[in-house]
Every structure is written in C-alpha cells, then in structure tokens.
Amino acid sequence: MGRYDLALIGFGGVNRALAELIAARGDRFAEELGFTLRVVAITDLRAGSLVDTAGIDLAPLLAAEPGELSFAGLPGGSADPRNKWVIREVPADIVVEATFTNPNDGEPALSHVRWALESGKHVCTTNKGPVALAGSELKRLAAEHGVSFEFEGSVLSGTPILRTAQRLLGGLEITGVQGIMNGTSNYILGRLEEGVELPTAVTQAQELGYAEADPTADIEGHDVQLKVMILANEVLGAGLRREDVSCTGISGITPQDAQDAISKGLRWKLVGSAARRPDGTVEARVAPVALPAHHALAGISGPVNAVAFHTDLLGTVTVSGPGAGRTETAYALLSDIIAIHQHHHADDDTAPLHRVLQETHRG
Ligand SMILES: NC(=O)C1=CN([C@@H]2O[C@H](COP(=O)(O)OP(=O)(O)OC[C@H]3O[C@@H](n4cnc5c(N)ncnc54)[C@H](OP(=O)(O)O)[C@@H]3O)[C@@H](O)[C@H]2O)C=CC1
Ligand SMILES: N[C@@H](CC=O)C(=O)O
C-alpha cells in the first residue's frame, strides 16, 4: 500500500474541499486506489502554516469556520504561511497549489510551483496562472527533476477536459476548440436572464464558491483567456501568450439585454475559442456571443461548462460538466493524484481506479 504525503498551499474553498474528501473517503481510497493520503503541511495567507510530518488531524480544522481558522499557537503551527520553507523543506511527496489565480504574472503560485518541482516534489494545481503563463517551463522543470506536474482542474474544474483531449482523442487532428469555460460568468448570465442585477449575481456566485478571489477575472473574461491559452497550448501546441488572446467580458450585458436576447430566441454566452489558421498559427479570442437557441453551447446553463473539439476524423466532440465549484475542483486534484500514482506505478492493475473514479463522481 502506497502513501502520499501532501502539502496544501492555500486553504480556501478548493483545498479545504480536498481535505474534506480525504477525511471522508480516505478509507475508500486506500481500499480501491491502493494508496492512502496524508496531509503533512498546510499554508494559508490568513490562517498561517501548520506542519505535522506524522499527519495533520484534519477534523478540528474542518470543524472551524473558514474565516476563523488560525494555526498560530498549535503544535507545529505559525501565524506566518512560511510557503518557501514549507514547500522546500517539509518532506511531502506532492505539493497541492490552490492559492488565488493571478492572471498578470501568475505569482505567488508560479514561485510555489517552481520551488516544489526544484525540490523534487510532484505538483497538482488548479491555479490557472502558472499553467497558462509558464506551462512549458514548468513541464520541463518537472521532467528534469523526475516528477509530475498535473493541472487538470485549471480548465473546467473537475470535468476531465485536458485528459480527454490528451488521452482519448489521440490520433485525431484537433483543428480548434470552442467553449463556455467559466462557471461564474455562465451562472451570472443565467441570473441576468431572470432579471437579477450584476452585483447581486456576482455575490451569489461568490457564495456558491464559483468566483475567483477577485471576480473581475470572471466578469471581464481574463479567467477564460487563461483557460483558452492552456487549451490551445496543450491541445493545439500553440504557445500563446496572454496578449495573443483578445478578450472582452460580460460586464456590458444588462438584465434587459439578456431578456431581449431570450425574446429573439438567443442566449448570451461568454465563448472562448482557438482555431488553427491555414498557415499553422493559432488565433484565439474570448467574447460574449448571442447564440441561437439551437446552438450546442446555448443550452449550457449555470456553473456547467462545455468545450467542443473540432477534429478531422470525428467532426465535433463536445465534453460538458461542472466548470466551477469547491468539491468539483477538489475532485480534479484527486484525479491529478491518481494520475501521478498511475504514472509512477505503470505496471499496477488500474482496474479498481476506474471504479472509484465513477463512484466519487457520483458523490
Ligand atoms: N473555486 C473554483 O470553482 C475553482 C477554482 N480554481 C482555482 O483554484 C484556486 C483556488 O480556488 P479557491 O479555493 O476557490 O480560492 P479561495 O480564494 O477560496 O482560496 C485561496 C486560498 O489561498 C490563500 N492564499 C492566497 N495567497 C496565499 C499565499 N501567498 N500563501 C498561502 N495562501 C494563500 C487565500 O487566503 P486569503 O483568503 O486570506 O487571501 C485563500 O484561503 C484558484 O487559483 C482558482 O482560480 C480552479 C477551478 C475552479
Ligand atoms: N472562477 C472560475 C473557477 C474555475 O476556474 C469559474 O467560475 O469558472
């Protein structure tokens, strides 16, 4: 039976939900996945840091109100997050990075990921910044140190969009991607259609755990811009920078606009897309589009997202599922840990993994 010791960097909605999954389902993981998970370090801007190499007792932490959690005064605890020291020095197998996404330079998450990989630790992250802005460099760094860099949750939360493209669409030429890739803005557009004003809808999306720490990124399209970069770079080999992806968000759409569209048989959606040009380069954009009701993306509602892959042999293949949500995104981290386990135990019998994946998804 293997065991992975985890260092959780950032203890907000997603990493807390991962800790809940570990606390609630740890025995099942052991039985069905063939490994156990133990949290040996947690760092958080507000709570500080907590280290116990024998395994942190998660129950009292999860019983505390998120805003009231403080590690100072606990054995192994400090008011200081001590990220660099924890990531480099605490003997964890996997560093789970889930601090806020910074669309400008990816920091501080980018440094967290670099420190972890340089220390020979695997990394799982849901943070879009490092993946979109420095994905190639980080994959190279991981390879140099013989560790994995996994980031399934960086696009479409727990819905396995990247692994679907990389593992299940092999042999096809993917010529473009198009999709709804932000749960918050899609949820908000639905609320606008119901007559709710933007600020109220944003607050509701924050309460539901969909929104970024700064929801401007959801509303102005920057979150989708990063996701389009990740998809285009991973699936189309594009090497896009942020300035290559034109970006308009949904802040200009009013409840009246949304309702007028409905009356004309249209629905406003924030669409991200990337397509290969005849010369081999890739053009990409993010913009609100009033889609006709019969369009495959028009019926995608609430925090659900969808991505259509345009392929040479199959035509369009569309994957749809949760695009945001604390537990849904924590599941992406679990799927990353499973991927690390499979990668480093390639000869093991993996049949039981499929069973637990299906059961976990059903809740
Ligand atoms: N929620 C979702 O549906 C999804 C989220 N993601 C991504 O996952 C990541 C986490 O999301 P989520 O949990 O919802 O976000 P939260 O804002 O709930 O959590 C982030 C946590 O990280 C802490 N933090 C910020 N900076 C640091 C730092 N330098 N060191 C240690 N901790 C820090 C924050 O503390 P404080 O609150 O004090 O600032 C907060 O507790 C984000 O990058 C997000 O983009 C990806 C897919 C879906
Ligand atoms: N804020 C994002 C979270 C997932 O990436 C969203 O709403 O999609």
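Placement of Cβ uses the backbone N, Cα and C atoms for every residue, glycine included.
Per TrEMBL, the features are as follows:
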BINDING   Lys128  NADPH binding site
DOMAIN    160-338  domain 'Homoserine dehydrogenase catalytic'
BINDING   Glu212  L-homoserine binding site
ACT_SITE  Lys227  active site, proton donor
How long is the line from the C-alpha of the residue listed as 'NADPH binding site' to the C-alpha of Lys227 (active site, proton donor), rounded to the nearest angstrom?
-> 7
In terms of DSSP three-state secondary structure, what is the assignment for Glu212 (L-homoserine binding site)?
-> coil
Neighbourhood of Lys227 (active site, proton donor) by C-beta distance under 8 A, where only residues 6 or more apart in the same chain count | Lys128, Ala132, Ser154, Val155, Leu156, Met181, Asn182, Gly272
Report the member of Lys128, Glu212 (the binding-site residues) whose C-beta atom has the most other C-beta atoms within 10 angstroms.
-> Lys128
